[in-house]
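For reference, the structure discussed in these notes is given below.
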Amino acid sequence: MAGFQTGAPELRTAAGEMVNTNTELQGTLRNLANEVQAVSGMWKGQAEAAFQQLMTRFQEDAAKLNESLMNISEAVTGSADAYEQQEEDAAQSVSAIQNMLG
């Protein structure tokens, strides 16, 4: 990955974009589920049972996707925190060396 550079601000921006994208995605999934539920009354018998199983799976998968995206966002934010701490530690080390050298 030659030429790839990042910093805490970029990581925080990326994490924020992930949260925003996830929010939009969850809204889209809710709208889709509502639209599909609106026609669920058309299903009868075994088809209705199969449809309900499908909707249950859809909701479970949407929840897992939401959780995964939020976990990734939190991990990126944690990376930004660690990056800032390392930068601060390095700056303090250089400052201490400069002070020792006079």
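The first residue you see is number 1, and the count goes up from there.
Each Cβ is built from the backbone N, Cα and C atoms, and glycine gets one as well.
Feature annotations, reproduced from TrEMBL:
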type     : residues : note
REGION   : 80-102   : region 'Disordered'
COMPBIAS : 93-102   : compositional bias 'Polar residues'
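Packing against the compositional bias 'Polar residues' (93-102) from elsewhere in the chain is no residue: none 6 or more residues past its ends has a CB under 8 Å from a CB in it. Across the region 'Disordered' (80-102), DSSP helix (H, G, I), strand (E, B) and coil residues number 22 helix, 0 strand, 1 coil.
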